[in-house]
Every structure is written in C-alpha cells, then in structure tokens.
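Undergrad: Before I ask anything, let me first share the structure, which is written out below as structure tokens.
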Amino acid sequence: MSQHRSQQIAQFQQDLAFTPLESITKLSKLLFLLVFTNVYLLIYLTYLVFSYDLKQLIIFYFSFDAMMMLFLIILKIKFSFAVGNSIFDIFFSTIFKTILFIHFRFRELEIQCLGYAVFAYYLLRLFALLFQKVFRKVFIQRYYIYIQGIKALLALQLMLILFKWKGVLEWNWFVIFSVAWSLLVIFFIFHLILILSIIEIMHDYLLRRASKSQIIGSVWLILYFCSFSGIPMWFCYIICQNQEIINYPTSQTSLTLSIIVILQTFIIFIFSTIFRQHVKNYIQDIGFEEQIQTSNPKDTKQQQSKANNSLKITLPKKLIQVSSTYFEFFKQPSQQNQQIQNVTTNNFSVINQKVRLNAFEFVARMDQIHSPEKESKLMQNEEKCQVCFLQEPHIVMLPCRHGGICNDCLKQWLQKSPNCYLCRQKIHQLCKIQKDESGNFTIKEIAVFKI
C-alpha cells in the first residue's frame, strides 16, 4: 500500500512538471491596483508641485488611461485575465476627461449634468448586482458588490466637486469632500485594527500558534493599506487646504507626499519580491474565494465536463472527514449522515464563520518512531504537502477523504483531472481546514463541484 502510494505521488509530481503555472496571481492583481492608484495620485501631485496648466493635467491623465487600457487588453487576450468592467470604466473615464477638456479649453458646458449621469450609471450597476444576488439567486462574490458600492460613492463625490465648480453649492471644500472623508475614516479604522492585530499575531507566533507567513503577510498588508488610508487622506487634506487657504505651502507638502508615495510603492514591491511565497500564502489564507478553474476560454467545454466549476455552500455544524492515510475515523451519531445529506447544490452561500470539528484528530505513526530525531523529522514531513513538500497541507477531498495537499498543488492537479490524486475517485467537495490550538482541525471553507 505504501509503495503504491509512493508511485502515485511520484507520477503526480511528474505530471505537475508539465503543467503551466498561472502567470497572473492574486498578488499580481493587488500590486497592479497599487500602481494604478499611486500613479493617479502622483499625476495630480505633480500638478500641485509645478503648477502647470489644467489642460496639461487632463492630457497626462489621457495618456495614462490609454496605457492602462492597452495593458488590460493585452492581459485579456494573451493571459485570459479577468478584467471585468475595468476596460469599460477606463473608457468611461476617458469620455469624462474629454468633456472636461472641452469645458476648460473651448467653451463652458453644463458639467453638473455630467455628474448626474456618472452617479446614476454606477448606482444602477450596484442595484443590478444586488437584484441578481437577492432575487435571482445568482452567485456573486461580496467583493464585487463592495467594489461597486465604493465606485458609486466615488461617483457621488465627483458629482459634489462638479457642483462646487459650477457654483451650485456654496460649501467649503472640506464639506464637499465629505464622502471621501467618510470612506477614508472607515479605511483608517480598518488599517488601525490591522496594526493592533499584528501584536496578537506575534504573540501567537511565539507560542507556535501562528505561522511565519501570517506575520510577514500581516506586515505586508499594513504597508499595502497605506495607499488606501493614510496617503489618500493626506492627499485630500492638501487639496482642501490649497483651495481654502491662499498662502498654503502646497508645493512643499505635495512634493513630500510624492516622495512618500514613491518610497511606499518601492518598499511594497521589494517586500513582495523577497517574501513572495509567504505573502502568497497569506493572501490565499485570507481569501479562499477564488474559483479553482482554468482560465483558457478554449477549454470551457472541457472544464464543464471535468467539473472544474466550484461554488461555495453553507456548512453543517459538524462534518466527519476521514482518510486512511492522514486522519483517524471517529464514529458519530446518526445525525451526521442527515447533516451531510443537507449539503446540496441548491444551498449556495459564502461561509462567514469557522466551524470546529472535534472529530478531527491527527494520528501520529507511533510504530515508526524510534528516536526524538526521527520523531522530529516525521512531524515535519507530516505537516508539509505530500506533493511539493514546501507548504502546509490544508485541503481535504470528499467523498474519498484524502488530504495532505496544499492549495497550489491542488489547483494545478484540477487543471488536469477532477479526480483525487491518490485514489482517482471523482471529487465532489473540497474542504479547507486549519489546525487549531488544541490540535483539532477546523473547517474554514468548503467548495462543491458541479458534475
């Protein structure tokens, strides 16, 4: 049995050597968002530093939007990158800047009507997403709804700025930016919670309750979130002070903020390069919502036949997970069978809480332990993925109940086959588990595959 399993794992590792890795990862997407946000800030900060003409500022934004649109189109065509509505948003932004350019260069327009149109468009998109999720029961990740809500609020902020330009509102600029201040305060509170939580994570790490990836990932997220809390808050403050105070040192403060933005961007990229694997593990741990599926549109029909389309469902309170290789079986009352039957594909939802499983007990192979040195090596091997032997295994497949594989290796395997990599039985559910302080296992999320 052991020899047969070793042959299966060796064959699996050989298959993975010919499997192409995803070129666009979640980390790449986050870094792309960081660059996009910081460049937009830097363009306006250079306008405040050098005080050039407003029409030149619009031309700079035109050029940047054109580069971003071209870049997204290349990612969409060459890498099948899911750009969503980003291309259309940039195109819509280009039309908006064109109208502003005509307004400032040739003749004045009723640009407050443009504010109405932009706000109405993003508000309708938000309502459309909510309607599909609530009434039509379409599976939409909450992440997209949050992003669309933020876009609608930013459109409202833009409408208030246009009203101020046209003299419709007589408020001061600090009140005009009230929507931006509200969002930034929420982000700042969240950022502060992240900073305070790292103290607890470091304490857990000293007690061996947290991994090294959690500490490094938390530090990375704190540095990353500066671009969405402290830096834009200072940016809005400079804009308001520049409009309200005549002799405010706008150039000096804008130059200081520009240097901070550039340094923060370089630090994030250097940090992400040095600790790339730890950061990727942390991102996967806090966001397991990514669907495990191939991204090539030519293989769509094959994906449907191979059942690589996953959906989140609500968990029962307890779910027994057994593997002859990795987990020990503990018999449970008959209620468990009834609970497992209730896990159907008609009950789709995103899991919001952890579920403890007292039935998960990791079995140490005491018959193979003859010395403390062998015991240490055995425990280290058991805690690593049985395919790559690098990351911690936290995936268990149902109904065969085999585990010992990390998320990265599983995604690569599912691109080749929808069956278990050990017993070749078809996978119906995937459980993401985590070992708690007492040594028991906790189910964090579960995915059900359409057959």
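Each Cβ is built from the backbone N, Cα and C atoms, and glycine gets one as well.
Unlike curated entries, TrEMBL annotations are predicted automatically.
The feature transmembrane segment is assigned by TrEMBL to 30-50, 56-75, 82-102, 114-131, 143-165, 171-194, 215-235, 255-275. TrEMBL lists 385-424 with the feature domain 'RING-type'.
What's the neighbourhood like for each of these?
TA: Tertiary neighbourhood of the transmembrane segment (82-102): same-chain residues 55, 58-59, 61-62, 65-66, 68-69, 72-73, 75-76, 109, 111, 114, 118, 121, 125, 144, 151, 295, selected by CB-CB distance under 8 Å and a gap of 6+ residues from either end.
If you look at the transmembrane segment (114-131), the same-chain residues 6 or more away from its ends with a CB under 8 A from one of its CBs are 85, 92, 96, 99, 140, 144-145, 148-149, 151-152, 154-156, 158-163.
Counting only same-chain residues 6+ beyond the ends of the transmembrane segment (171-194), those with a CB under 8 A from a CB of the stretch are 150, 153-154, 156-157, 160-161, 163-164, 218, 221-222, 225-226, 228-230, 232-233, 236, 239-240, 243-244.
When Cβ-Cβ distances below 8 Å are used as the criterion, the transmembrane segment (215-235) is approached by residues 30, 34, 37-38, 41, 44-45, 180-181, 184, 187-188, 190-191, 194-195, 197-198, 201-202, 205, 257, 260-261, 264-265, 267-268, 271-272, 275, 278-279, 281-283, 285-286 of the same chain, each at least six residues removed from its ends.
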Undergrad: Would you say the transmembrane segment (143-165) and the transmembrane segment (56-75) are in contact under the rule of three or more C-beta pairs closer than 8 Å, pairs 6 or more apart in sequence?
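TA: Result for the transmembrane segment (56-75) with the transmembrane segment (143-165) is no.
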